[in-house]
Each structure stands twice: as C-alpha cells, then as structure tokens.
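Pulled from TrEMBL, these are the features on record:
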DOMAIN    B:62-253  domain 'ABC transmembrane type-1'
TRANSMEM  B:12-36  transmembrane segment
TRANSMEM  B:66-87  transmembrane segment
TRANSMEM  B:99-119  transmembrane segment
TRANSMEM  B:131-149  transmembrane segment
TRANSMEM  B:186-208  transmembrane segment
TRANSMEM  B:233-253  transmembrane segment
Amino acid sequence: MARSWVTPLLFLLPAFAVYAAFALYPLGRAAQFSLFEWRGFGASTFVGLQNYVDLAGDAAFRAAIGNALVLIVFYAVIPLVVGLVLAAILRRGQVRGMGFFRTVIFLPQVIALVVVAVAWRQIYSPVGPLNQVLEAVGLGGLTRGWLGDPGTALASVGFIGTWVEMGLVMLLMLSGMSRIPAELFEAARLDGAGPVKEFFAITLPAVRGEITVALVLTIIAALKTFDLVYMTTSGGPGNSTTVPSYEVYFRAFDLREVGSASAVAIVLTLLIFAINVGVTRIGERES
Amino acid sequence: MRVSRGEVVMNYVLLIAFALFALAPVLTILIGSVSAPLGEPAGFYPGNYLEAWTVGGFGSSLGNSVVVAAIVVGLATVLSIGSGYALGTMRFPGATVLFYLFLLGMMIPAEATIIPLFFDLRTLGLTDTYLAIALPQVAQSIAFGTFWLRAQFRSMPTSLLEAAALDGAGPLRALRSILVPASRPAIVTLVVLVFMWTWNEFLIALIMTPSGSRRTAPLGLATFQGQYTSETALLAAAAVIIALPTVILFLFLQRHFIRGMLEGVAK
C-alpha cells in the first residue's frame, strides 16, 4: 500500500521543493516582514499592522493605486475594444494576409519591456518622431516632452500598455471566435443581419469566457507594470506615474523601508487574487 | 457568403492602421539603430551595433542571460515533467490540494517574493550568483509548467500507460519512453515560453544582482540607457540586439508561442 504514494511523491517532490522554497516560503516571509519596521540591516521592530494603517494615509501609495486604475483603462479596456474589433474583422474572413496581421499585431507581446521602453522613450522625446509628426501636420502647439509633463506622463505610459496588450487580447478573442459554428453566421446573414448586429448577437456572447481571461491578464499587467515605469519615468514627475509594483521596489531599495514595501507587496498580491476571483465570478454569473 | 465591398475596404483600412501602429515603434528602433550617432553627419551606420556591443559590454550580459536561461529552462522543464506526470496520471492522497498550491503560484507576483528572497539570500551570501537570479524564476515556471504538463499528460490515452505497465516498464521508463516523446509539442511550447519569460525578466534580475556582476541583457540595456541617455542610435542598436533572440524565436515558432499563451492562461 505504501507504494501508492511513494512513486508519485518521488516525481513530485523535486518540483515542489523548489517551488515551495522560492515562491511559497518567501510569500509567507513577505507577510511576516510587513509586520516589522526594518531598514534592510540591523535590528527590526515589531509594529503589528501599523505599516498597513500608514498606507491608507500615504500619498505615494494612494497615487499608485489611482494611477493603476487609470492604467487599467489603457491596458485592459482599450485593448479589449480594439482586440474584439480586429478579431471580428479577421474572423469574418475574406481578408488576405490574416497570418501577417496576426503576427505583426501580436509581435509587441514578445519584445522585452525594457526594449519597448527604450523605443517609446525615443518616440516621446522632445525631439522625437511624435513631436516631429505633430509639427509636420501643423499641430506644433501640442508638442512637449510627453513623459516629463505631469499632465501627459501617465497617459503616455498607459498608451505603451495599449500597444503591448492589444495583440494578446486580439488573439484570445480570435481563439474564442474560432469555436463559433459557421452556420450561425450564415443564418444571421440570411436574416439580413449586418456586421454590427452580427457582432452583438453572435460574436460577443460567444467569447465571454475569453473576455474574462483577457481582463484578468491585462488588469494584472497594469498593476505590475514595473519595467516600463522604471525605464521611462521612475514613477515621476512627482508621483504621477508610480504603480504598486514600482512602490514595492522604491520603498525597499531607495527609501529602505522594507516593512512598508512588504505591506505594499502583500496588498498587491491580495489585489491580484481578488481580481482573479472577482472577474472570473462576474464572467460566470453573466453566462 | 458575400461581404459588401465597402465593408471589405473598411476592414483593410483598420487592419493596416493597427499593423502600422504595432510596427511603428519597431521600425523607429530599427531605423534609429543604423542612423548617425551623436555628432556624426547623417548617413547609414551599421557600425553602431559593434560600438554598442563593445561600449555596453553586451558580450558579458548576453552571456549571463544565456546561463540564467539555460538553468531556468532546463530545471523548470525537467521538474515540471515530474510533477505534471505525478499529478496528471497518478492517484494519491493530497493530489488535489497540491495541484491547487501549484496553481496559486501562477498568481503570486514576483514583487511579493523577491524582497524576502533578496534579504534572506544576502544573509546566506548568495546574491550576485546565477542561482539567485534563476531559482525564483524556476519556481514561477514550475507553477505554470506543472499546470501545463498535468493537462497534457492527463489527455494521453490510459491504454498507452497500461500497455507500458504490461510490458513491465516501471513508471520512470513509461514516462521517458512513452509519455515524453508523445508530448513533444506541449513540451516545446513550455520550453519556448519559459525561455521568453526568462530572457525578458527584469525585476528579479535587477534585485538579485546588486553589484551588477551577473547583470543579464535587459539590465545591461537599462544601465546603458542610464549612462548614454542621449546616444539614441547606440541605444537603439543595443535594444535590437536584446530583442532579437525572442523575436526570431517567435517568428519561427509562432504556433508554440500563441498556443501556450492562449491555452495556458485560458484553462
């Protein structure tokens, strides 16, 4: 009888040991760290939940949450609309070069975000192509350093997110739409339904599951947008582009407030769990 | 079924507009990478790549990236094959709980684990090592790999395993000579995805190598940008060098990327 669990355990144990040591255990340690005040060296003081209480009144943390909400529009909502429309067009067929469009629009997903940041910094720079184009079309009054201007920095970072995420969403939608039987569309068209009506009556309801998945992925990407913020704005000007993920790093390694950084990390983790469960629940209830 | 001519034109306009939008930053960087460096007359400068390579020290940072990627891909794949095999084909008490524990790992952000890991590994004197950069990523990839290969091994016909058992093959031989060869496409997908994630990883590599001695390629680019902010041509060339491996892999193995990224997350 012993054999029945010895064999599976032998196969499972190595993976589980590494996973537990380098993911589960440190998560527990982060929760523990968040209850202390510690500068990264020397003695630490137990402060209970004080780090969390402080976060509630912390301007930078509140800015990070507010910015993340704005970024969700750019990372999740706009790519969802774009992805749905593009996928619907590709699915309706009679488009040559479907493979080409799919590849090109998905390409941003595989490029390292540091590289993406370098590219967009050049585009947004005061002497960059974006301002050159604006000058050329007579909108010279709009030119600025897009990432340095407090009024446009967050939207500029967000727009990069739109560029990165739209291909992923489009492909998710395409895979959902590929399951819709062709007869459904034919019947709708025989009834005289145009592309818009067809989209709302057949396509949209069929990809509800994929919409849920797309929202979970892109909302989490918005909360975790560390690489881009680190490389383009360092959270500035002021706190105008900081995000929870950047706050974790900044607090731990620049401010040397390891306890507070850990509290932000735990809040971020709980947010991610909640979004996963919440968005999935809503998706299930709707169907 | 016919689609009206006006609609076809409209479709192409939209698709071409978004394809151009997707390509514009890529082209900006490609063109920038061969344009005049600071203080040079306009022209075609392919030498920027060599210059960026030497000045930015990308030989060593790309080398570090290769080592880290090899450790992460190798370990994560082998370990996930084991755990996926156990959870996908065997019954034992606690299997469901363990599966959900692995699933949880797909949601744990690196931001939460990396701070305690850094301080604990520093205490042990293990920061600035390949393993410090690699192992947290192995753990993340195991969570996904276990989930991915469990689904794959579960979908195999049980008759295959029964036949192997009748032939007297032990569980390890059944895995090596039957399940793994039959699951090659799923394993390739896993390898390709884990490679891409590892190659592009920034936060973990940034924190785990405080001295910069094990700097991976994305960090090399970040440092380069910090030092030569106005050298846009060299910076662009460096960016192309770093993006190239994953982009080439993607263009050749598209189906694996797309299948993994869609199915892996959709289940």
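Heads up, the Cβ atoms here are built off N, Cα and C, so glycines get one too.
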Stretch in B:12-36, B:66-87, B:99-119, B:186-208, B:233-253 most in contact with the transmembrane segment (B:131-149), if contact is a CB pair under 8 A: B:66-87
Contact between the transmembrane segment (B:186-208) and the transmembrane segment (B:12-36) (at least 3 Cβ pairs under 8 Å, separation 6+): no
Same-chain residue ranges lying at least 6 outside the transmembrane segment (B:99-119) that approach it to Cβ under 8 Å: 83, 87, 127, 132, 136, 139-140, 142-144, 146-147, 150, 203-204, 207-208
Close approaches to the transmembrane segment (B:12-36) from elsewhere in its chain (Cβ under 8 angstroms; 6 or more beyond its ends): 42-46, 48-49, 232-233, 236-237, 239-240, 243
